[in-house]
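What follows is a short report on a single structure.
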Amino acid sequence: MKQYLELMKKVLDEGTQKNDRTGTGTLSIFGHQMRFNLQEGFPLVTTKRCHLRSIIHELLWFLQGDTNIAYLHENNVTIWDEWADENGDLGPVYGKQWRAWPTPDGHHIDQITTVLSQLKNDPDSRRIIVSAWNVGELDKMALAPCHAFFQFYVADRKLSCQLYQRSCDVFLGLPFNIASYALLVHMMAQQCDLEAGDFIWTGGDTHLYSNHMEQTHLQLSREPRALPKLVIKRKPDSLFDYRFDDFEIEGYDPHPGIKAPVAI
């Protein structure tokens, strides 16, 4: 994951000081891209320990179309707690947009099911896209989508995906986002009888929060270790039938975790 450390250094060296919605302050750059060959290992940051339980359960939660944190709490995942209301609701965030995008005539579009059908029946299409950025519902969301738009691409029986992330918390959020979408590519590929290809991450406002500087320098002082390997133990009947226990990360030997405050 040298690319990730190089991005951190670039933000430190070239970033512009900016104010932000949370009032914390950031160093920010605009526009950056990283490419991860998923055949070379699972792109999970090794210079600090990442919480795999949260990454996997959050993705499964998105795929169910869920927008209440009850499922996450049942599985000891608290990463959305700060944004939920007293009933645990988040409004029409990622899961709702992925699985039930509302149409003007009162119907809903299941973007994930549509994408699966396209990959199986029209893999050369240039329209294999999922968007979470629903401008008509942004005001109802507890948090506007950061990872907002992703596209799939098939070549030589390999499935690749490019994500556009309009806002990126490099220290806390980005390791989660990379691993989550890499996992999604592997799952989609398995369901479509393809191999995993590349995951391409493209960032808009790419920033380090001012209260993450000490942690960033500590992480940059560490040497990256070998990437782990993802093993999917079975092939469920559908993309929506995966369980947490279906996934195993082999050979993950990270440096110790580094705590940092979340900007809310």
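Using N, Cα and C of the backbone, Cβ positions are placed for all residues, glycine too.
What Swiss-Prot records for the (6R)-5,10-methylene-5,6,7,8-tetrahydrofolate site is His51, Ala263, and among Asp139, Asp169 the residue it adds there is Asp169. Taking the binding-site residues His51, Arg127, His207 in turn, the residue surrounded by the fewest other Cβ atoms inside 10 Å of its Cβ turns out to be Arg127. Separation of the C-alpha atoms of Tyr209 (dUMP binding site) and Ala263 ((6R)-5,10-methylene-5,6,7,8-tetrahydrofolate binding site): 8 Å, rounded to the nearest whole number. You'll find the Cα of His51 ((6R)-5,10-methylene-5,6,7,8-tetrahydrofolate binding site) roughly 16 Å from the Cα of Asp169 (dUMP binding site). The Cβ neighbour count for Ser167 (dUMP binding site), using a 10 Å radius and every protein chain shown, is 20.
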